[in-house]
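Quick one: the structure is below, questions incoming.
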Amino acid sequence: MQKTKAALWEFLQGLGKTFMLPVALLAFCGIMLGIGSSLSSEAVTDNVAFLRGEGFHLVFTWMANTGLVAFTFLPVLFAMAIPLGLAREDKGVAAFSGFVGYVAMNLAVNFYLTAKGVDFEDEKAIEHYGIADVLGVQSIDTGLLGAVAVGIVVSLLHRRFRTQRMPDALAFFGGLRFVPIVSALVLSVLGLLIPLVWPTFNGWINAVGRGIGHTGVFGPFFFGMGEVLLRPIGLHHILVAMFRFTDVGGSGTVCGDHVSGALNLFYAQLDCSAAPGSAVTDATHFLSQGKMAAYLGGLPGAALAMYHCARRRMRPEIKALLVSGVVACVVGGITEPLEFLFLFVAPWLYVIHAVLVGLGFLTAAVLGVFIGNTDGNVIDWLVFGVLQGSTTKWYLVPVIAAVWFAAYYFLFRWAITRFDLKTPGREDPPADEEPDTAHDEAHDGERDEVEDGRAPERVRELVAGKYDAVAMLDAIGGADNIQSLDNCITRLRMTVADAERVDEARLKKLGAVGVVKLDGHNVQVVIGPQVQSVKDAIATMIPVGRR
């Protein structure tokens, strides 16, 4: 039972992490689409005469078209990214097999519908099955859920068959070559089952979406709060994806096309000249606008409170930590570097923070703010708010952010001083701090070599100028303690042989923001925006199959 639970945790952690690759591309493409569509719109060109030039128009149209890459091919991107992220070796073959499996599934769906005599032009059939053009094939639009199913199945097939041995006569098809072959076969069979179950399953999803819609502004409130509460264990990506890319986040018609998912609706509207309908305006309630109260105002206010509550002699030491966290939050939409400063010292304060984030979503919805995209940072506010015109009510965001800044500042200052919370700069000075012997011995050796007139064999290079990857690996328990290593936007995600060997205090001393031990084997180390560089450095010191 314990092993099954640990395996489930590891799988869910890995699945959530795989979403980051297409989502990162989606965020960039969204900015390209937002800038291109806004600066080429009549509302902007009528007021800025020089933008009417043909050269500007071509550039902005090109930007908008480039931004459509991720939106147009989103399901197949997920179908490839999931096996890519879950595979520990031969990732390229896994991604290739994901594409093969996704196409095979849709061709099988087309075969079933054609054999059954379904008329692809019949409105009732289109509505019943959800028929759409998928990569040039008339199939059932299973969206993100179909892509996730393909990705999971292909990753399991890759793990099972990538070393498959075949008889001599068929040896050419063995090993890695067998993975896309078996993926095509298995997903073709799965494709024959989809027309039988999808109409019912899709009806359930639509019912959930309608139920959330009936909650009005409280739907965004619970969504925003839920995302924050799930963030410490890394499962928020799954919740967010459900709202962004499925009917749970809403559905409607945009410029004649049926679109499902809050983010899909918003991006489709950017490429449509018609005025947004209620489905689109309601969809943004689950997008960037709700985050801006906390991201642009609240968390910076909390950071200032932590700075003011720190001991005076410690303020210079924590200033860089807090400033970098604020920059990551305001500019990058990455909140963990600030949230993990108080999550472990006062979990109840983190719950209050989650409620305030939810209230930010609710407030933006009530006031009719209309700003989409994914990150809730100042870039989203400028590109999808200011540049899109006053109809987005972008001017309300600074007001809301200022209110949240004050609320967070006074709340955190009161909580820190009232309960003597050990936020950065308030920790009790250690009476007898243990030296970092591994670090000291390394430097002693270098010092001896210099005194002997010899150059040191190796001066340890810090990752991003501040992270000692060698020491961090030692604090994790060494290379033999790591069974798998990966990362998301801000964290190292690891499966370890023994979580007790992970030295949390030393990792924090080496620059980690926090450590989350989900169970005896699944561990996350919160690094911040430079996590990819840290992961790459550690990966060079462990066996290939564990990376």
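Cβ from N, Cα, C; glycine included.
Here TrEMBL flags 6-428 as domain 'PTS EIIC type-1'. The transmembrane segment feature in TrEMBL is assigned to 21-39, 59-81, 93-115, 135-157, 169-194, 321-344, 350-373, 394-416. Among the features that TrEMBL reports, region 'Disordered' is placed at 425-455. The compositional bias 'Basic and acidic residues' annotation in TrEMBL covers 436-455. Residues or ranges marked as domain 'PTS EIIB type-1' in TrEMBL: 466-547. Positions annotated as active site, phosphocysteine intermediate by TrEMBL: Cys488.
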Take the C-beta pairs under 8 A between the transmembrane segment (135-157) and each of 21-39, 59-81, 321-344, 350-373, 394-416. Which stretch has the highest count?
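It is 59-81, which has the most Cβ pairs under 8 Å.
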Cβ pairs under 8 Å with the transmembrane segment (321-344): which stretch of 21-39, 59-81, 350-373, 394-416 has the most?
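Comparing 21-39, 59-81, 350-373, 394-416 against the transmembrane segment (321-344), the winner is 350-373.
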Which whole-number mean pLDDT does the model give the domain 'PTS EIIB type-1' (466-547)?
82
Apart from its near flanks, which chain residues at least 6 from the ends of the transmembrane segment (59-81) lie with a Cβ under 8 angstroms of it?
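Those are 18-19, 21-22, 25-26, 28-37, 39-40, 51, 95-96, 98-99, 101-102, 134-135, 142-144, 146-148, 150-151, 154, 245, 264, 267-268, 270-271, in sequence order.
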Looking only at residues six or more beyond either end of the transmembrane segment (394-416), which have a C-beta under 8 A from one in the stretch?
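Residues 289, 292-294, 296-302, 304-306, 308-309, 342, 346, 349, 352-353, 356, 360, 363-364, 367, 369, 371, 381, 385-386, 388, 423, 426 contact the transmembrane segment (394-416) from elsewhere in the chain.
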Provide the number of Cβ atoms within 10 Å of the Cβ of Cys488 (active site, phosphocysteine intermediate), excluding the reference atom itself.
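Step by step: centre on the Cβ of Cys488 (active site, phosphocysteine intermediate), count other Cβ atoms within 10 Å, giving 22.
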When secondary structure is assigned with DSSP, how many helix, strand and coil residues does the domain 'PTS EIIB type-1' (466-547) contain?
32 helix, 22 strand, 28 coil
